[in-house]
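Per Swiss-Prot, the features are as follows:
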type	residues	note
SIGNAL	1-27	signal peptide
TOPO_DOM	28-740	topological domain 'Extracellular'
CARBOHYD	N163	N-linked glycosylation site
CARBOHYD	N326	N-linked glycosylation site
DOMAIN	335-428	domain 'Fibronectin type-III 1'
CARBOHYD	N380	N-linked glycosylation site
DOMAIN	433-528	domain 'Fibronectin type-III 2'
CARBOHYD	N446	N-linked glycosylation site
DOMAIN	529-623	domain 'Fibronectin type-III 3'
CARBOHYD	N580	N-linked glycosylation site
DOMAIN	625-736	domain 'Fibronectin type-III 4'
TOPO_DOM	762-979	topological domain 'Cytoplasmic'
MOD_RES	S826	phosphoserine
MOD_RES	S889	phosphoserine
Amino acid sequence: MALFAVFQTTFFLTLLSLRTYQSEVLAERLPLTPVSLKVSTNSTRQSLHLQWTVHNLPYHQELKMVFQIQISRIETSNVIWVGNYSTTVKWNQVLHWSWESELPLECATHFVRIKSLVDDAKFPEPNFWSNWSSWEEVSVQDSTGQDILFVFPKDKLVEEGTNVTICYVSRNIQNNVSCYLEGKQIHGEQLDPHVTAFNLNSVPFIRNKGTNIYCEASQGNVSEGMKGIVLFVSKVLEEPKDFSCETEDFKTLHCTWDPGTDTALGWSKQPSQSYTLFESFSGEKKLCTHKNWCNWQITQDSQETYNFTLIAENYLRKRSVNILFNLTHRVYLMNPFSVNFENVNATNAIMTWKVHSIRNNFTYLCQIELHGEGKMMQYNVSIKVNGEYFLSELEPATEYMARVRCADASHFWKWSEWSGQNFTTLEAAPSEAPDVWRIVSLEPGNHTVTLFWKPLSKLHANGKILFYNVVVENLDKPSSSELHSIPAPANSTKLILDRCSYQICVIANNSVGASPASVIVISADPENKEVEEERIAGTEGGFSLSWKPQPGDVIGYVVDWCDHTQDVLGDFQWKNVGPNTTSTVISTDAFRPGVRYDFRIYGLSTKRIACLLEKKTGYSQELAPSDNPHVLVDTLTSHSFTLSWKDYSTESQPGFIQGYHVYLKSKARQCHPRFEKAVLSDGSECCKYKIDNPEEKALIVDNLKPESFYEFFITPFTSAGEGPSATFTKVTTPDEHSSMLIHILLPMVFCVLLIMVMCYLKSQWIKETCYPDIPDPYKSSILSLIKFKENPHLIIMNVSDCIPDAIEVVSKPEGTKIQFLGTRKSLTETELTKPNYLYLLPTEKNHSGPGPCICFENLTYNQAASDSGSCGHVPVSPKAPSMLGLMTSPENVLKALEKNYMNSLGEIPAGETSLNYVSQLASPMFGDKDSLPTNPVEAPHCSEYKMQMAVSLRLALPPPTENSSLSSITLLDPGEHYC
């Protein structure tokens with residue numbers, strides 16, 4: 001015990017000595033100035049790193065000290081930053097501190113110094129600052145190289161929205177340096193003649209591969225060099241959103257979150273942010289490999305409460321979010337499986353499913369959704385392992401989609417995903433009768449009934465309608481009925497019935513059964529045809545119809561309608577109205593503007609006989625007429641004309657035609673009576689006349705001037721406006737006297753045509769009466785007296801070859817001088833004082849002598865020819881023949897003779913009409929044409945016939961030649977005879 005007391009006394013004495021020493025040290029106020037200050041640089045982070053020590057600290061003592069750091073730039077007097085750094089200092093400890101510079105360290109020289117202050121409660125007051133350490137100079141420019149231009153910082157990484165300072169260093173102060181940010185010039189502040197700094201405030205994110213900044217040095221127009229940097233701007237790291245953890249099997253926690261914007265940059269400057277999951281109760285940490293989810297294994301140590309911290313981190317910042325939860329409250333079940341339907345009929349079904357078991361005695365809350373026919377029904381049920389639910393009140397022949405999902409019934413967290421299946425209920429017999437209506441048209445001796453019915457809705461059809469039964473029963477003969485089966489999907493049929501009353505039933509059938517019958521009665525009496533049609537106006541909402549109630553008992557009304565211009569079978573509709581209703585609105589999307597619709601309103605008696613009550617017609621919206629009438633101009637006179645357009649149909653127009661506008665233009669620009677001035681759409685003026693009666697389709701425009709020019713244009717109009725614009729039709733009134741001339745000339749022309757027709761019909765009689773046919777001499781029987789040699793030649797006889805047996809003086813023309821064509825000789829007056837004859841002479845060289853001669857004379861032809869020497873008897877001396885010149889070529893004469901032999905006189909060719917007088921018969925004499933007998937032998941009997949063809953004596957013909965086959969025609973002396 002005494003030893004312990006001695007030891008205790010010794011300890012306290014030692015402690016007291018130590019406190020006394022400390023007090024002495026403090027009393028001495030030894031200086032604690034920082035020493036051994038060293039400054040290093042980090043160009044990547046653009047930071048200064050300081051390290052120093054503090055001398056004169058007591059051995060194994062710790063003191064709380066404050067260090068004040070001062071940083072200057074370019075020169076020591078330019079202090080840019082002053083700050084304090086507090087820490088606990090140990091004996092012989094090396095202290096560290098870093099400072100990041102906004103200006104790149106390469107752009108300027110920096111100076112650093114430090115002083116200290118003891119801030120420890122163990123030291124008595126007052127405390128005082130130590131002396132400043134000496135300035136420590138930091139310069140990085142010496143290590144940049146020898147280029148003339150530099151831009152700093154290199155590849156700096158900053159966050160979007162921060163402020164950044166860049167600079168350039170130019171070795172040559174004579175250079176002009178321009179800097180650009182993404183092609184746009186920027187302006188900075190000159191720090192010294194070699195350095196200029198640029199402050200970029202709130203830099204934006206442009207691209208993940210960085211923002212381009214470059215500077216160009218030049219002297220005059222000569223570029224000295226270009227340098228640039230890439231400034232990497234990162235998106236701001238966001239705090240994870242919607243951080244949540246849950247389990248589906250109590251073995252694994254599945255944590256998810258929304259990572260927000262990815263902060264990854266190109267060139268591997270910064271990867272995507274990383275996520276770390278830290279659980280504070282267990283102290284475990286896990287680096288997540290996915291950016292939006294992470295799994296955490298649940299241990300079997302019955303831990304139920306978890307406190308998770310999710311840390312997001314990149315090179316620039318960290319973000320974290322925390323959740324605290326109980327494991328049993330975060331159960332997210334797996335999907336149900338094995339969904340099936342049992343005992344499915346037309347209206348009921350049983351749905352079954354299974355769930356994944358996770359714990360014993362676990363209760364599941366399941367939700368069922370049933371979708372069908374546009375409706376959704378929802379049911380909830382609690383189960384242990386297997387689920388089952390009875391679905392009732394279903395529609396027949398309907399496809400349903402049923403699905404189920406489950407959750408923890410004790411601590412609801414969220415529903416599982418859906419699991420579902422489709423099923424279809426069975427068909428049932430149709431539950432409603434078809435809606436039936438009819439159109440009855442009367443024909444001689446029968447009714448034509450067109451039945452229509454609307455297809456049953458899916459709700460009432462209860463399946464696919466296969467056919468319709470139409471039963472027709474004659475009410476006058478109850479035992480007589482007919483059954484017509486109409487296959488679906490037809491919705492109409494046509495029946496031809498006699499003039500009896502009939503009851504018609506329509507029944508719809510599917511694979512299960514038949515619907516109730518829809519009954520309609522066709523009366524033997526015709527419908528009420530005395531109902532007048534009333535015009536109505538529609539609106540955008542449809543047609544509002546009203547009618548007077550039918551006297552007597554009615555079970556309802558039917559309103560049917562159709563397009564006025566189309567086939568009734570293609571657009572026929574009807575609507576049933578209750579017995580106490582006398583108005584309705586017909587509204588449907590099928591109504592179109594400009595289309596006329598006809599409505600008929602029927603009342604249905606208790607016997608289901610329809611009676612027509614009213615007819616109405618109208619447009620849901622009237623439009624202007626779609627076309628103009630084709631106008632004809634009739635009865636055009638000098639003072640008026642009539643316009644008519646009888647063929648214009650008003651029924652097919654897109655509105656009720658209320659009348660017509662007649663526009664008239666004239667050069668006088670004065671409107672006639674009944675017309676008024678109007679201005680057209682093109683600004684031109686004209687006269688306008690309004691016809692208010694749409695059935696009046698003619699107009700007489702009178703009080704016009706003769707020989708005047710007019711233009712007209714007719715257009716119909718409805719309540720919506722006029723018809724389309726068109727060109728004016730031109731018309732000119734005739735002269736005032738032209739009609740009188742027409743009245744005179746037309747009868748004259750008619751008379752002339754009548755005479756010509758009569759003459760044509762009596763042409764044969766006129767010919768026989770006025771100019772009968774002249775007999776053909778070659779067909780005369782006298783020719784049988786003449787004997788021809790083989791191959792005879794037609795010749796003109798010489799004068800000496802024919803001795804006349806009689807002389808007949810035809811005429812004694814006055815003495816004239818005649819130029820004979822063939823010989824170019826003329827006859828004196830003394831030579832022509834006596835009658836002359838023309839002789840036909842033979843021209844054959846082997847002519848043996850005179851032969852028989854036939855002379856024909858016809859004084860009905862050219863008198864001049866007969867006077868100058870026709871076929872006659874002239875007292876001419878045979879010893880003094882006078883040759884008559886050839887009047888035509890021998891070839892033409894021969895052709896003419898041959899023609900006369902073959903044809904009648906009227907068939908002589910046109911080329912031979914130059915012959916004025918040609919004998920039709922020449923004796924076939926043979927001999928030399930040049931040898932004429934001096935003593936002509938008396939010719940045998942010479943038959944006479946009137947010469948039929950005259951030859952023009954005025955034609956100049958060529959002289960005869962030796963090769964001619966015909967002799968010339970000569971003029972004989974008196975006493976000679978010719979044939």
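Placement of Cβ uses the backbone N, Cα and C atoms for every residue, glycine included.
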Three-state composition of the domain 'Fibronectin type-III 3' (529-623), taking helix and strand from DSSP: 0 helix, 51 strand, 44 coil
Shortest C-alpha distance to N326 (N-linked glycosylation site) - which of the glycosylation sites N163, N380, N446, N580: N380
Per-residue Cβ crowding (10 Å cut-off), top of glycosylation sites N163, N326, N380, N446, N580: N446
Cα distance (Å, whole number) from N380 (N-linked glycosylation site) to N163 (N-linked glycosylation site): 59
Inter-residue C-alpha distance, N380 (N-linked glycosylation site) and N446 (N-linked glycosylation site) (nearest angstrom): 65
Average model confidence [pLDDT] within the domain 'Fibronectin type-III 2' (433-528): 91
Inter-residue Cα distance where the pair is N580 (N-linked glycosylation site) and N446 (N-linked glycosylation site), in Å: 34
Residue distribution over DSSP helix, strand and coil in the domain 'Fibronectin type-III 1' (335-428): 0 helix, 52 strand, 42 coil
